C-alpha cells in the first residue's frame with residue numbers, strides 16, 4: 001500500500017516538481033495538491049493523508065505546520081521562515097502527539113554537505129561570514145539554509161570571533177548577525193539558490209560554496225524525507241540528521 005501524501009503549495013515551481021516526483025515513485029500516492037485557497041486541515045481529514053509536504057510561503061508556514069500536526073499527519077517542511085521559538089514549539093507539539101516531522105532548510109544533498117563541511121571548518125576557523133543569494137521571488141531573508149548553517153557553525157566553533165570596532169557608514173553594510181555570524185543576502189535575477197561560507201585566517205581564506213542551478217536537485221531530499229518521517233516520533237530539524 002502506498003503512503004498517502006499531500007503537497008501543499010502544489011502550484012509553485014517546487015510544488016509542481018514535488019508532485020511529479022512523488023507521483024512517479026512507487027512508494028507514494030499524492031492524494032491532494034493544495035494551494036493557498038484550500039482548507040489544509042479538512043483535506044488531511046478527507047484524504048487520510050499520512051504526510052504533508054509544505055512548500056508554501058514564510059508568512060503561513062508556522063500555521064500550516066500546526067495544522068498538519070494537530071490533524072495527525074506528519075509534516076515535511078521545505079518552506080523557510082520559521083524562527084527558533086516556532087521550531088521549539090513545533091518540537092514540543094510533535095513530542096506530545098508522538099508524531100514525526102522534518103523541517104528541512106534545504107533538500108539538496110550538496111547543500112547539506114556544504115553545511116556539514118562549514119561546521120567542521122568552524123572548529124579551526126573562528127572568522128567567518130555567509131553570503132547567500134536567491135531569485136527575486138524569494139521574499140524572506142536570510143534564507144533558512146544560511147540560518148541553519150550559522151547555527152551549525154556556532155555549535156561547532158571552539159573560540160569566539162574577533163570583536164572589531166567598526167562603524168557602518170551605511171546601516172546594514174555588514175549584513176545581519178545570527179549566532180554572532182554575519183549573513184549577507186542577495187536577491188538577483190539569474191540566481192536560483194547559492195551560498196558561500198567564507199572563512200578567514202592570517203594569510204589565507206577558505207571558501208565553501210554550493211550552487212543550485214536546477215530545482216530538481218531538491219527532489220531526492222524530498223523523497224528521503226518522506227521515507228524517513230514515517231519512522232520518526234519526534235521533529236527533526238535538518239536533513240543532515242537523516243543521512
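Counting starts with 1 at the first residue shown.
In case you wondered, yes, glycine gets a Cβ from its N, Cα and C as well.
Taken straight from Swiss-Prot:
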- 134: active site, proton donor/acceptor (ACT_SITE)
- 138: active site, proton donor (ACT_SITE)
- 9, 10, 11, 12, 13, 14, 78, 79, 80, 104, 105, 106, 107: NAD(+) binding site (BINDING)
- 135, 144, 145: (S)-2,3,4,5-tetrahydrodipicolinate binding site (BINDING)
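Swiss-Prot feature annotations superimposed on the structure.
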residue	record	DSSP (3 states)
13	NAD(+) binding site	helix
78	NAD(+) binding site	coil
105	NAD(+) binding site	coil
134	active site, proton donor/acceptor	strand
144	(S)-2,3,4,5-tetrahydrodipicolinate binding site	helix
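Those same-chain residues not listed among 135, 144, 145 yet with C-beta within 8 angstroms of the centroid of the (S)-2,3,4,5-tetrahydrodipicolinate site C-beta atoms are 80, 105, 106, 132, 134, 138, 143, 146, 193, 195. Cα separation, residue 78 (NAD(+) binding site) to residue 144 ((S)-2,3,4,5-tetrahydrodipicolinate binding site), rounded: 9 Å. Counting other C-beta atoms within 10 Å of each candidate's C-beta, the recorded positions 13, 134, 135, 138 are led by 134. In this structure the alpha carbons, written CA, of residue 107 (NAD(+) binding site) and residue 144 ((S)-2,3,4,5-tetrahydrodipicolinate binding site) are 11 Å apart. For residue 11 (NAD(+) binding site), the nearest of the recorded positions by C-alpha distance turns out to be 135; the candidates were 134, 135, 144. Using CA atoms as reference points, the recorded positions 134, 135, 138, 144, 145 were checked against residue 9 (NAD(+) binding site), and the closest is 138. If you take the CA of residue 145 ((S)-2,3,4,5-tetrahydrodipicolinate binding site) and look 10 A around it, the recorded positions you hit from 80, 105, 134, 138 are 80, 105. Within the set of recorded positions 134, 135, 138, 144, the entry lying nearest in space to residue 105 (NAD(+) binding site) is 144 (CA atoms).
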